[in-house]
Amino acid sequence: MYPPSRKDFISLTLNDPHSHTYNNGKHRRQSCWRKWKQLSRLQRSLILFLLALLLIFGLLSYPSMTEQWRGFSDREDWLELNDREVKDIPPEVKSVLYQAEAKAPPPVAGPHMGPAVDPDAGADAVVGPRAPNVPILAKPPIKNKTFPNKRGPPSLPKDGNISDTVGRKKQVQEVVQDEEGEEVDKEKKIVSWRGALIEADQATEPPPSTNEKEAAAPPAPANPGDPVPPEVSTGAVDRLEAVRDAFRHAWKGYKEYAWGHDELKPISRSFGEWFGLGLTLIDSLDTMWILGLKEEFAEAKDWVEKELSFDKNVDVNLFETTIRILGGLLSTYHLTGDQLFLEKAKDLGSRLMPAFKTPSKIPFSDVNIGKGIAHPPRWTSDSTLAEVTSIQLEFRELSRLTQEPQYQEAVNEVMRLVHKLPGKRDGLVPMFINTNSGQFTHKGVFTLGARADSYYEYLLKQWIQGGKAEDDLLEDYLQAVEGVKKHLVRQTGPSRLTFVGELSHSRFNPKMDHLVCFLPGTLALGAHNGLPGDHMDLAVQLMETCHQMYQQMETGLSPEIVHFSMQASDGPNLIVKPADRHNLLRPETVESLFYMYRFTKDPKYRDWGWDILLSFNNYTKVPGGGYTSINNVRDPVNPGPRDKMESFFLGETLKYLYLLFSDDTELLSLDKYIFNTEAHALPIWPSPPK
């Protein structure tokens, strides 16, 4: 029998004045921890999982809530602009600005568009994207919005071709303010692709489409001091000054960030070297003289006199050095009469002569101007045909000036060899020639684009330079034009645009380089010098096609290469593949526009050139100075600057634009001067006595 159990505790019941009972027995209050421990393991795991899930959802929702409130705050800040800023805008302009604001698409956010950076505010300052020329009040940033009609990312558009019917997207320019409310960016700028910054000229805006031109009257300038758009621009004076302004802006960047070096990198504000010979500076000398930029010319001349030396252990390309540096020095000598430039040209010419010491007399592509040793490229013993047949104008002129026949004899021998070589097709020549055998290689491929283009140009120009006395050159040129018309000229299916394609082993390829746009000007020059009239007819047709290569692009700038549709359908005429959409600030189209206007006086050629200049200002102009080549002419929002300004932009493109807009036909008269393939003017020799 078990004894009764003992109680080890005493139970007390206490009453407080308010009749609340406190029991220290088995009904006493348990702690939270004790309750937690009484739960099963499954229950505890389930509760922990739910708590973790709630925590994750809370963290994910926090940024969006913060961003939403921040957007409301930004909008309120924008609405509270001070009265001074609003009053600064004339009443007649406000309606135009608000209309532009209503039509403008929101800024794009995404991996292809870097943050907008104000260079004056530091590398970390971020502003919104801006349009070329509409000074509108700043709106709050709208995150994660895209254009409703934008087809995929800029770098991978569908079908390799954006619809030509889509109008060029216009952005809205903003006035950037610092913390004190002052305007940080006094100049009108647009940003911004991949962290880069592009400055818009206040006088420019993207050229409208044909439908837009027909549907609306030309807009008036926003302010009395602003230049008018191209549709209402009158006279040549404003346009000439616009070219000078463009040159000054490009030169400013070169002087500040690349002085004495070969090329400016305007985005990174640095320079690139090719030969280390001040390539851009020398290429620009005669342009500065023609444009009347005396101060800039004097500074450049001082550098040539004190700093330029060709006694360097450096390999240079024979062709590029000849057309840019030797041609630039000779042209500047003729324009100024200054012996300094002729002496420099003589020094360089003598250092290039070792290139002609080959078994075939066809020159090597590269020469060390310090050591006097020449060689072909490392990967081949071939030279391109354009390289060896587009140095004649310069070396012939050097012989005439120095009375040293060696220069002319060397380049004339090259032309004699090419004249009698087998492998041509109705005057068309292959792209490569071997420096050992002196024979064409890679036969069966014929193009007027890269590696062959200036061969045809120099056939005509040597004949003109020499007083029209060298019949072999004229014969080769006339035969080549007939070969072009027979084998390479075609028309598109939809709109009957005439273009020049390529031939590869009897197979036609409807591909045309922008380089081929030299041809309208060359054909017109030949017709002006008494060659058949149908050359001029073809020039007019090809000029229209080269214009459309600009007009049908969303930025108003031509791609490097275009393919043409020959199908009898209503599809696009021009097809631009993703790899071909870049623009290098090339001069060929404006070069031909210059010739066409000089010979026809048709004002449309000036208008087309003006549109091109506006597009350069809108999409390639960089704050701080300089212009940059771009990656994608089909995307005005993200053209993708390449951070490089080629020397030919100053040496050729702007020079031809200036000559196009000038009313002075005696300014480098085409009856007195011939231009080399780098736009350097050399005198036409008197006709020899018969």
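Positions of Cβ are set from backbone N, Cα and C atoms, glycine also.
Annotation comment: TrEMBL describes 45-65 as transmembrane segment.
Here TrEMBL flags 120-129 as compositional bias 'Low complexity'.
The region 'Disordered' annotation in TrEMBL covers 120-233.
The feature compositional bias 'Pro residues' is assigned by TrEMBL to 218-230.
The Cβ of GLU320 (active site, proton donor) has 17 neighbouring Cβ atoms from other residues within 10 Å, across all protein chains displayed. Residues or ranges marked as active site, proton donor in TrEMBL: GLU320 (among others).
Over all protein chains present, the Cβ of ASP453 (active site) has 24 other Cβ atoms lying within 10 Å. TrEMBL lists ASP453 (among others) with the feature active site.
Counting only same-chain residues six or more apart in sequence, the Cβ atoms lying under 8 angstroms from the Cβ of CYS517 (disulfide bond) belong to LEU542, CYS546, MET549, SER558, GLU588, THR589, GLU591, SER592. Sequence annotations record features per position, and here TrEMBL assigns disulfide bond to CYS517-CYS546.
The active site, proton donor annotation in TrEMBL covers GLU560 (among others). Around GLU560 (active site, proton donor), the same-chain residues at least 6 positions away in sequence with a Cβ under 8 Å from its Cβ are ASP513, HIS514, ASP580, ARG581, HIS582, ASN583, LEU584, ARG586.
Per TrEMBL, active site is recorded for GLU588 (among others).
Taking all protein chains in view, 26 other C-beta atoms sit within 10 angstroms of the C-beta of THR677 (Ca(2+) binding site). Summarising the annotation, TrEMBL assigns Ca(2+) binding site to THR677.
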Rounded distance in angstrom between the Cα atoms of ASP453 (active site) and GLU320 (active site, proton donor): 14
